[in-house]
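Feature annotations, reproduced from Swiss-Prot:
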- S110, L111, L112, P113: (6S)-5,6,7,8-tetrahydrofolate binding site (BINDING)
Amino acid sequence: MIKVVFMGTPDFSVPVLRRLIEDGYDVIGVVTQPDRPVGRKKVLTPTPVKVEAEKHGIPVLQPLRIREKDEYEKVLALEPDLIVTAAFGQIVPNEILEAPKYGCINVHASLLPELRGGAPIHYAIMEGKEKTGITIMYMVEKLDAGDILTQVEVEIEERETTGSLFDKLSEAGAHLLSKTVPLLIQGKLEPIKQNEEEVTFAYNIKREQEKIDWTKTGEEVYNHIRGLNPWPVAYTTLAGQVVKVWWGEKVPVTKSAEAGTIVAIEEDGFVVATGNETGVKVTELQPSGKKRMSCSQFLRGTKPEIGTKLGENA
């Protein structure tokens, strides 16, 4: 039986681990990030992958830094035939990458060489792509730069969010891995080098990227909101207060107004001018310190005026 070590951390990784178990591989160990404090009460919380591994009685390693010798030697001591990673969250050292008989492969949520990095799902939507996919490739120390083994395309729908696409790609990754590993073990795959001229990056989202830039086109603002839903969530400011924008709709704007200005207030939301003739009607938001709510709920208690400018004093 093929001995596999799995390395992964978030919910995205769980179906991949589950599929390895269902397919009958001997998952001899799981490597995941340390437990972290979560929420306002800072409750120490295990990763989704750790929770899944413990359901199946699989030993779990949680290195703070996998590149440290005493940590990677614990992985090597397991003597895996194959290592599979999916959103592990740390750079894996060569000592691990070179050890398994069948190598170390990664399940990545983009059609490499596009969108290397830790936030490919967010960027696929924020950039307005109509398709993305899963790539399974050999791991190298350079970020997501290994030779490609298999790929599958996944359509991005008009109203797709990062949350819904995350779920689709997670399942697609598990399914593709199930088909890829047997071919890899049988030596039936021809690795393909990535074209370095086509490389783009999707680095982890920073706080300053979350703010809506109303001077962009309506389509770009709409994609920005979708791409940051349900985390970390796009935001703007209204009357100097931070407001998270959970959802909005593209609408035509007939009157010219400065980008970021409220040009209409309707029962289910307010329309904001952008950098072109497509406005965005904000329909779901979350004022600072309050719960997420529909814009119609918000408007029952707060009455912004037409002409109010969003995005100032952030």
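Cβ atoms are placed via backbone N, Cα and C, with glycine included.
Keep in mind that this is a model prediction, so the values were computed, not measured.
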Under 8 Å Cβ-Cβ from S110 ((6S)-5,6,7,8-tetrahydrofolate binding site), six or more apart in the same chain: what's there?
-> R116, P120, I121, A124, T132, G133, I134, T135, A202
Under 8 Å Cβ-Cβ from P113 ((6S)-5,6,7,8-tetrahydrofolate binding site), six or more apart in the same chain: what's there?
-> Q194, N195, E196, E198, V199, T200
